[in-house]
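Trainee: This is the structure I want to talk about, given as structure tokens.
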């Protein structure tokens, strides 16, 4: 009986350790990064992605993102302890020690680089590694605690997965790859500033100079409005002049963009309304995921066949 209880406690402890390391990686953030990788890969491969390459690239991207987020947790453990919503994370709660977390992060980065180098190419691996370095040194260490533009410049780190996906397929970076990077980069400020409006008091408490804290809600929603307009406009450049995507993607991008603009407009006229900020924040996630899904669907040979058949049918009718 005693041995059974001891075994159960050991099992529970092991599960708790696994859960703590899993939480270090901030797993809810990673799918949003991977969907941009997928969208980029499908366009680059013209709708015919090698399943093995897709799996490897997604795995490498997951490991790279997990490494960056783990180091972010190490660096931010002091401010995480001060905020109620983050106080129970593994680092501030003492569930994981700094040394162990750092070893874990390095192991993830090495595994990501190795996997992408061996099964994709060196360019994809180097881009993933640069994403980790940029996120840790430029955003976490330098910008986050010192500049209201932390999210703007730091958004480059979150846009790098799109480049990784394109590089994994082609071994190069075209104008289309850089445009997808730019779309994610421009989308980041409206997304994160909407969140910052919701939790402004938390950031103020720990001295993080997020735009709503330093310049106020009114100035922030104006910036959100401008970036939303530019983001939506940028999404259409994949259709013209780059011709990387077609009519199906265009219809999806216009529809999603119209809703994005409407929600941003509502926030512009209700800068103090947190439910409106929350609504925009949640929609921005759906917007990016559905936009990238639109890239995938539009690139498929079946989609091209159906569109061409529909156009031919219209010509016959006319």
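Residue positions begin at 1 at the first shown residue.
Backbone N, Cα and C atoms are what each Cβ position is placed from, and that goes for glycine too.
Here's the feature list from Swiss-Prot:
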- 29-49: transmembrane segment (TRANSMEM)
- 51-71: transmembrane segment (TRANSMEM)
- 102-122: transmembrane segment (TRANSMEM)
- 123-143: transmembrane segment (TRANSMEM)
- 151-171: transmembrane segment (TRANSMEM)
- 179-199: transmembrane segment (TRANSMEM)
- 219-239: transmembrane segment (TRANSMEM)
- 241-261: transmembrane segment (TRANSMEM)
- 280-300: transmembrane segment (TRANSMEM)
Trainee: Is the transmembrane segment (151-171) packed against any residues at least 6 beyond its ends, judged by a Cβ distance under 8 Å, and which are they?
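Mentor: Long-range Cβ neighbours of the transmembrane segment (151-171): 33-34, 36-41, 43-45, 49, 53, 56-57, 60-61, 64-65, 68, 116, 120-121, 123-124, 127-128, 130-131, 134-135, 138-139, 143-144, 177-178, 180-186, 188-189, 192-193, 196, 210-211.
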Trainee: Take the transmembrane segment (102-122) and find every residue of the same chain, 6 or more past its ends, with a Cβ under 8 Å from one of its Cβ atoms.
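Mentor: Non-local partners: 21, 24-25, 52-53, 56-57, 59-61, 63-64, 66-68, 70-71, 74, 96, 128-129, 132, 164, 167-168, 171.
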Trainee: Taking the transmembrane segment (280-300) as reference, which of 123-143, 219-239, 241-261 has the most Cβ pairs under 8 angstroms?
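Mentor: Highest pair count goes to 241-261.
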Trainee: At a C-beta cut-off of under 8 Å, are there same-chain residues at least 6 beyond the transmembrane segment (179-199) that contact it? List them, or none.
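Mentor: That would be 36, 39-40, 43, 85, 151-152, 154-156, 158-163, 166, 210-213, 217, 220-221, 223-224, 227-228, 230-231, 234-235, 237-238, 242, 244, 260, 264, 267, 271, 274, 277-278, 280-281, 284-285, 287-288, 291, 295.
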Trainee: Is the transmembrane segment (241-261) packed against any residues at least 6 beyond its ends, judged by a Cβ distance under 8 Å, and which are they?
Mentor: 43, 175-176, 179, 190, 228-229, 231-232, 235, 283-284, 287, 290-291, 293-295, 297-299, 303-304, 307
